[in-house]
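Colleague: Okay, handing you the structure first.
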Amino acid sequence: MFEFSDRLKVLPPYLFAELDRKKQEKIEQGVDVIDLGVGDPDMPTPKPIVEAAKKALENPENHKYPSYVGKYEFRKAVADWYKRRFDVDLDPNTEVITLIGSKEGIAHFPLAFVNPGDIVLCPDPAYPVYRIGAIFAGGTPYTVPLKEENNFLPDLDSIPEDVAKKAKIIWINYPNNPTSAPPTLEFYKKLVDWAKEYNVIIASDNAYSEIYTGQEKPPSILQVPGAKDVAIEFHSLSKTYNMTGWRIGMAVGNKELVAGLGKVKTNVDSGQFGAVQDAGIVALNLPEEEVEKIRDVYRERKKIMTEALEKIGLEIYRSDYTFYLWIKVPEGYTSAEFVGRLIDEAGIVCTPGNGFGEYGEGYFRISLTVPTERLLEAAERIKNLKL
């Protein structure tokens, strides 16, 4: 009999894999399931990107091993996009690396800088991979609560001095998944000062920067003067361009941090398929009005679903960011109990807040990644539960 390693034994079932299992179980029972669980856009990748990939498939250069750090042309496109979008200067040779989706980079990054016993500061509730990556690297995850009364921003002053001194990395993610909370440059400035004081690496996950339904564009932490001294930022084409299945992302920022991640990657993978990078170049140069069309869809969905659920009496954290709604569970339920009732009695898959950590208890998350008519159908089914 074979036994899992200790590092695997301490991991809970991966949240989204468990949701998928429950969904498939209901589908096999003949239930018309509405999946509002995983943040996987239902819209197609814009056609110019697909056409670029088709053309790139014919290029024999893309049939060979790719560069470990990514094609220069893709890294240059990333640097140019950061300059246009955030007015941040990046050297494509030393401050940009191509990822096989940002999840891969996030999971691998701690391996470059965390020694056994080092502390990794992980927000809670949060994307589970921050904590998982720390565990795989032999680090000790330390929970930094994100509370609604603080607009789901970490309270840096509450981190004990001895913990801060032992910390190697602090993870942040704004616009935030799962809460949809926005970032502020004021918070980023305070965080950069704090990180410099304690010599802590800031690892920023900015995957949702282009998914906003208001007029205020989310910033990058790299806009803060001096942030590049301590920060690396992970980004992805998945959410912005409906490319979750393409697995293409990037990490940018401090050149030593980028180089460390690169050293891990050269030893564990062989880079991203060249044709996908060629398509990524087209994505990064897509006219802004094309991305705005995608945002318009989420604007409509968020408005309609927020109104429908608030009429039922559900309390929603109002935000102009991400394609999620972060909602308080009705009184008398835990997160798991309520989400369990939704799938069992209404055929709706949602994500329990406690799946993102203990401070997510009392909430659930829905993804606005199905057509409007399905969202309204979901709202009607919830209404019929007579909560």
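Using the three backbone atoms N, Cα and C, a Cβ is placed for every residue, glycine included.
According to Swiss-Prot:
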BINDING   TYR14, GLY39, LYS103, TYR127, ASN177, ARG365  substrate binding site
BINDING   TYR68, SER102, LYS103, TYR127, ASN177, TYR208, SER236, LEU237, SER238, ARG247  pyridoxal 5'-phosphate binding site
MOD_RES   LYS239  N6-(pyridoxal phosphate)lysine
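Could you place these features in context, so I can see how deep they sit and what lies close by?
Modeller: For LYS103 (substrate binding site), the same-chain residues that are 6 or more apart in sequence and have a Cβ closer than 8 Å to its Cβ are VAL129, GLY249.
Using a 10 Å Cβ-Cβ cutoff, LYS239 (N6-(pyridoxal phosphate)lysine) registers 24 neighbours. Secondary structure from DSSP puts LYS239 (N6-(pyridoxal phosphate)lysine) in coil.
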Colleague: If you measure C-alpha to C-alpha, which of ASN177, LYS239, ARG365 (recorded positions) come within 10 angstroms of TYR68 (pyridoxal 5'-phosphate binding site)?
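Modeller: Within 10 Å Cα-Cα: none.
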Colleague: Across all chains shown, how many C-beta atoms besides its own are within 10 angstroms of the C-beta of SER238 (pyridoxal 5'-phosphate binding site)?
Modeller: 22
Colleague: By the count of other Cβ atoms within 10 Å, pick out the sparsest of the binding-site residues TYR14, TYR68, TYR127.
Modeller: TYR14
Colleague: Once the chains shown are all counted, how many other Cβ atoms turn up within 10 Å of the Cβ of GLY39 (substrate binding site)?
Modeller: 24
